[in-house]
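Trainee: Below: one structure in structure tokens.
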Amino acid sequence: TKMKLPGQEEFDISSTCENVATGEPESGPGSGLSPDGPSDTDSRELGVPKDPVLFIQLNELMGWPQALEWRETGRWVLFEEKLEVGAGRWSAPHVPTLALPSLQKLRSLLAEGLVLLDCPARSLLELVEQVTRVELLSPELRGQLQALLLQRPQHLIWTTRTRPCCWSAHPREASHDEEAPMKEQHQNPLRQKLPPGAEAAAVLAGELGSLTQPLGVFVRLRDPVVLGPLTEVPLPSRFFCLLLGPPTLGRGYHEMGRAVAVLLSDRQFQWSVRRASNLHDLLAALDAFLEEVTVLPPGRWDPTARIPPPKCLPSHHKRLASQLREFKGSSVRRRAPAEDRHSHRPHPPSPELRRTGRLFGGFVQDVRRKASWYPSDFLDALHPQCFSAVLYIYLATVTNAITFGGLLGEATNGAQGVLESFLGTAVAGAAFCLMAGQPLTILSSTGPVLVFERLLFSFSRDYSLDYLPFRLWVGIWVAIFCLALVATEASVLVRYFTRFTEEGFCALISLIFIYDAVGKMLSLTRAYPIQRPGSPTYGCFCQFPDPQGNESQWIRTKPKDRDDILSVDLGLVNASLLPPPECAQRGGRPRGPGCHTVPDIAFFSVLLFLTSFLFAMALKHVKSSRFFPSVMRKMLSDFSSVLAILLGCGLDAFLGLATPKLMVPREFKPTLPGRGWLVSPFGANPWWLSVAAALPALLLSILIFMDQQITAVILNRAKYRLQKGAGFHLDLFCVAVLMLLTSALGLPWYVSATVISLAHMDSLRRESRACAPGEPPSFLGIREQRLTGLVVFILTGISIFLAPVLKFIPMPVLYGLFLYMGVAAISSIQFTKRVQLLLMPAKYQPDLLLLRHVPLNRIHLFTGIQLACLGLLWIIKSTPAAIIFPLMLLGLVGVRKAMEWVFSPQELLWLDELMPEKERNISEKGLEPEYSFSGSDSEDSELMYQPKSPEINISVN
């Protein structure tokens, strides 16, 4: 929620949730760490000065009573890393655990020790002179301690070109020249993980026999200064802490040194100490830390176990509120609790979805808004990440064009085909990227539109109508209806598209992807029957050029109930062609260079199908695995589609298989013989059909509106941090214009493709390059530009002339990638997780937040309603009643509205989202006590403040 302090701008008191991210890291202004304290964005909005990231190092005194030396034994930024001496390496980052007595002893030592705040020292030598001015030290002991503090410590530094480097085996006093950082410090890879402006803190602890009393010193330097080789990373040091004392039993000073380091790594404590003015403020910050410490009972856990870093850090909204009260004064105290109780209010609608009340008012606003960003839409694409995005989105787009082109050819009996699919994708997609309000959207053929095309062709065939002219008038009416929707600002209705509607739509599209991929593969196995040993059936697969020079693929079989040999075209070329005489068989054995036995084709087609699917899935999950360096994992994941296709082509070529290949036309002409590129308005149809086409066009307009705007809502959610705004009205206007163009040319109809569009955004994620060990990169947003989509569609158009290369791609490989797209999409939505709960005993269920706040039977009821709606949509889509399929999609909004009579607002907040009227009521009244999320200090109340971070898991890479 938004709060405003006197004299300050609005700010958000919620902290950032760090997620395990899967995009390419990026550094830049504001890309620093965002651990427990406020992030960069939070600090700017809060009006609170941004504190630099702090690197803490613990140097421990070793070797008493023989030769004394300082050795680095631990380091912290957000999590702890311990030096594993025997293995000669740093441990994995882990959550630090402390013994409560060490914190108590540390407090007592600091209360009686020397505390220097804003110390003016400018070098290590000056600092040593300042900290040794303690009354309990004799002159001789003071000199001994100064010499000891000036010794160069031992560090373990892993350089990029050498083995671990431990230096300073023989301690020496550091002269003024030796205070300069060493070469190994500058080569430390840890330096690259820290953002610009980071500071250091040195903690020195150990036992010194010449001391009779403990010595505790805490120093905050007025100006940070590089203290030579004191820390392994040459950063300017802000804090210095010295903890020495006589030998004792146990490792008391080591644990106190760790306690200081853990305190300084806590952003709340660090925030307070940076602003402390005296010892009392320092001890108050320590006491505040102790008040929030969680104690683990002894004997209930293993103290040697290391707690791995969490995937998502808990919210710190309450700690941040206390910071604000301290920083701004008591004027905030009266307002913060009330604001805190309602910090989970629904957000107001975005400016793009506010009705202007003027004809084409929203469209004009979209044009004005996007015009100011137009030059940067091309300049922002000058980044290597965009090249990676172009490569695998191109392959995804080509795969989609090929597969939907083949399906469309079957659905329309050759009236449209692969060539029209390639050409339409290139023309419509490129035009959309140049004109659209949201250029990250990828236009493509979609499952629901394909279903409508199939129904429209069946209707034309049943009533002896000329299909393409009838389709032209349907497209003209759809464009008119869509323009009317743009004029009346109907796009503001997308606010009623909640997650319930989106998940139902996405699940339907994903199932269509899966069904079509498996169906195409089953059709191949039926065309290539796998023959069992002893079966009298035999056959061969033949590839020969037809009279026009195109490659023809035939299957010849001899059924056991017939004596003649049947020649069956695979449907990839004109069925009127006759098989060449070279394909004749004698005795069941193939003859000719292009003939292969059928069982080989069937078996290896299935093998390539499964290989491409599993290989793409495996490479996608490599990004979150522990194998290989992060850069390699990122490349393998981003180019999984490319690698899967290359693997399939390599296996096919190595084994010399005759699997069906991608059929790309060699001539630039329509698939349907005898027609030109422009469709005749009437053809053989009566004139009144141009008016009657308005009825199916109305249904298709509903489908286009739902398909386009649901994808637009998903892509433009606030969690993706898009800076250039959306363009719902402008995008729908572009789709309407492209409907006219594609209908006149006889090309497929195109709308926003959810799966590929989200994959496009996934490939353009911006993440912080500088992150602490153990901390996942923080999500910075999406690289918004037009060039990647434009280049993808230009390459798609050029692919028409790449037949000599593309013809080697096996079709089973493309079907495997198509299956992967559907599986990746459906597995990423919450609906799938709730379906799994139906089959999972309660004790094995994951610890989902919604399970803590909504009864399980209510969750099952919500999921059951979604399953029923999805099943009804699928049944209608598969029956002759499919003509009302678009109306049923629109009916999902009505079903969701009716569910407000069944579920409480609290349940709908966790399971779905609130509709605009409910949001308005809650914004005016606040949540009622019976379903309020405030007033509790429990972990559930804390978790409610965790912002929903972006999960762009629907991917085709």
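The backbone N, Cα and C atoms fix where each Cβ goes, and this holds for glycine too.
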Trainee: Under TrEMBL, which of the candidate ranges 421-452, 869-900 is annotated transmembrane segment?
Mentor: 421-452
Trainee: Quick check on the domain 'Band 3 cytoplasmic' (179-303): DSSP residue counts for helix, strand, coil, in that order please.
Mentor: 48 helix, 31 strand, 46 coil
Trainee: Under 8 angstroms, Cβ to Cβ: which one of 421-452, 505-523, 687-706 has the largest number of such pairs with the transmembrane segment (787-806)?
Mentor: 421-452
Trainee: Could you name the stretch, out of 421-452, 505-523, 639-658, 727-751, with the greatest number of CB pairs under 8 A to the transmembrane segment (472-493)?
Mentor: 727-751
